[in-house]
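Okay, so here's the structure we're looking at.
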Amino acid sequence: MIDIFLFVHITISILLIIVILMQRSGSGGISGISGDNNMGVVSAKTVGNFLSKSTIILTTLFLINAIVLANLSAKKQSDLVSKINEIEENQADNSLPIAK
């Protein structure tokens, strides 16, 4: 289960990096690579709005996924600690000498 969320987390991270780099900044960013200032049917404002909304959505998904991963990891660690304690108790009980 954690593997699935980890894969989703990595995918969201990569998409978030791409979307952030595509946004126009003071120096133009990666969006200026195409060389076309004339966007044709899609205006620069529309692309900017789409990238802004995409960034917000991906950031929200990233944070939610990070919280879920943290909770799953904490639960898995607590289960592991309880199993270790149980094994230690069983070994301690088995190693005690029996008085006759």
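From the backbone N, Cα and C atoms, a Cβ is placed for every residue, glycine too.
Here's what Swiss-Prot has on this protein:
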type	residues	note
TRANSMEM	1-21	transmembrane segment
TRANSMEM	54-74	transmembrane segment
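Residues 29-30, 51, 54-55, 58-59, 61-62, 65-66, 68-69, 72-73, 76 of the same chain sit 6 or more residues outside the transmembrane segment (1-21) yet have a Cβ under 8 Å from a Cβ within it.
Tertiary neighbourhood of the transmembrane segment (54-74): same-chain residues 1-2, 5-6, 8-9, 12-13, 15-16, 19-20, 23, selected by CB-CB distance under 8 Å and a gap of 6+ residues from either end.
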